[in-house]
Amino acid sequence: MSDSKMDKLARMAPLPRTPLLTIWLAINMALIAQETGHKRIHTVQAATGGGSMLGDVNISAILDSFSVSYDKRVRPNYGGPPVEVGVTMYVLSISSLSEVKMDFTLDFYFRQFWTDPRLAYRKRPGVETLSVGSEFIKNIWVPDTFFVNEKQSYFHIATTSNEFIRVHHSGSITRSIRLTITASCPMNLQYFPMDRQLCHIEIESFGYTMRDIRYKWNEGPNSVGVSSEVSLPQFKVLGHRQRAMEISLTTGNYSRLACEIQFVRSMGYYLIQIYIPSGLIVIISWVSFWLNRNATPARVALGVTTVLTMTTLMSSTNAALPKISYVKSIDVYLGTCFVMVFASLLEYATVGYMAKRIQMRKQRFMAIQKIAEQKKQQLDGANQQQANPNPNANVGGPGGVGVGPGGPGGPGGGVNVGVGMGMGPEHGHGHGHHAHSHGHPHAPKQTVSNRPIGFSNIQQNVGTRGCSIVGPLFQEVRFKVHDPKAHSKGGTLENTVNGGRGGPQSHGPGPGQGGGPPGGGGGGGGGGGPPEGGGDPEAAVPAHLLHPGKVKKDINKLLGITPSDIDKYSRIVFPVCFVCFNLMYWIIYLHVSDVVADDLVLLGEE
C-alpha cells in the first residue's frame, strides 16, 4: 500500500476507544511500511545497473529469451537453404612431423561463423554483441564439425576451457576454440632427405550433407594464418594454401575444406651424420691402392673394415625410416658408396690373383730353362759323338744318323739325329728304309749338317723320358718330363715350350723309340722338305723361345698388364668416378626435388 492510502485509511477510521484497537493499528502500519521499503530497494538496484541490467537493458532477460521455444536439436532454417559455416584457422605451433608414423601435430585456433535467426535480438545502444562463456554452447545448436584425417586431438582446459561464444544482434554466431591435433600426413620419400612434404587438415560435417551445411573459408585467401615463430628441428614451413571441395560418399555429398602446409626438410643433420661420413669411408678405402700389394693383412683388414662400416651406416639410416618398397635418394648415395668400397676390396683380390698367376708362370719358366739347359748339354755330347763315330752308332741312310738307347742321352733315353741333305721325300725314305731294315754296314756316306741346335728348337712333353733331334731344315729337341702340378693346371711343360697343344711339332716319337719312321734313320726321314703343315719351320716354335730377352719382359704381365698397373689405374679411376657421381647426384636430385605447390602462400607474405 502507498502512503496516500495509509492517510486515507487513518482519516476514515474512527478514533480508538480501547487500547486493543490501538495495538492493532500499530501492527498494520508496520507491515505496510516494510512492504514499501522492499519495493524501493528493487527500484534503486534497477536504476544503478545491478544484477543483469545494462542501463535499462536486462542482459539476463535477453539470454533467457533465447531458450523460449528454441530447439537446439534442429539446425537453423530447417527445411530451407543450407547453413553456411565460415571457417578460419591460425596455426600457433607445429610440434612434430614424423616419417615413420606418417603424421604431424599442430596447435591452432579454430573459429567457426554461422547465422542462427532464432538467436537474433533487438539492437540496443552498447549491446550489439554478447560475449558469453562456453557453458552457453550446451543451450544452442552448433555445427557437427570434425577433422577427417585426425588421429588424436584434445581441448585445452587450463585454467578454464579455452573457448568462447559471441552472439551478434543479427543472429550471427562466432565460436573460437583452441585445439591440438595429430593428423595423418602421407609422405613421398622418393627424394629423401631432399624432399618436400605437403601435409593437410581436412574439415567436414560428420552428419549433415550439403543440403544442410556448406563450409567455406570465411575470409577468402586470408582465412589461414601461420605464426612466423613456427619452427621444427628438421623442417622449415615453406607456406600454405587452402582448398574447398565436395566429397561424394555412400551417405551423400559433403562439403569439405582443406588446409595444406608445405614443409621443406633441412639437410644439415643428414649431411653431418650420413653423407660426409659415407664419403670419408669411401676415401679411406682408397688408401689400400698406395699400400704394397704384398701387405696382405693391412689391405684385407682395411677393405673388410670399410665394407662393414658402410653396412652398419646403411642399416642405422634405414632403421629410422618406414619400410618402403621404392628407392630413396639416400639409398642411391649409400648404395653407390657401398659398391665403391666393395670394389676396392675386389681390386686387391684381383691384384693378388694376378700376382699369384705370374709367380706360377715364373716358376714354370725357370723349370723349363733348367731342363732345357740339361738337354742342351746332352745334345752337345751327341754332336761330339757324331763327329767321332763309335761302334754303338747306328748310321742310317741318307735321311739321318741314329743313336741307340745307350747313346749320349744316358740310361733309359736315346738320341736320334736326322740331318736333311736336300733330297726329295722318295729318295730319303728309300735309303732310310734300306739302312734301317738290313743294317747294311756299307751305307752311302752322308754329310751331317753342323747347324747348331738352339734353345728355340726344344719341345718338352710330360710323361716320357726321351729325346730326338729332327731335321732337315732345322733341328728340334723333344723331351718329356712328368709334372703333375703343371698338368693339373690344364697345361704342360711341352705346351709352354711349343706354345700350346695341337701344334705341328707336338707329334713326337712314342715312348721308348730310339729311331724315326722306317723310311728315315733316326726320325729324319723327310729329306729336305718342310715339316708337317708347311710354311716357315720356325713359325711353329713359340716366339718367347726364339727371343729369350722378350720373355723376361712379358712374363711379368697377365693380359698385357701387371698387378702394379692395376693399383696405378685404381688411384685415378676410383676418385674420378666418385667425384663424377657426386656431381651428377647433387645436381639431379636438388633440381628434381625443388618443387613448390601451386597457389602456395609463402610464409611471411601473408
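From the backbone N, Cα and C atoms, a Cβ is placed for every residue, glycine too.
Asn253 is the residue among Asn253, Asn294 that Swiss-Prot labels N-linked glycosylation site.
Note on Cys199 (disulfide bond): other Cβ atoms within 10 Å of its Cβ, all shown chains, come to 23. Taking Cβ-Cβ distances under 8 Å and a sequence gap of 6 or more within the same chain, the neighbours of Cys185 (disulfide bond) are Leu97, Met102, Asp103, Phe104, Asn149, Gln197, Cys199, His200.
Cys199 (disulfide bond) falls within a strand when secondary structure is assigned with DSSP.
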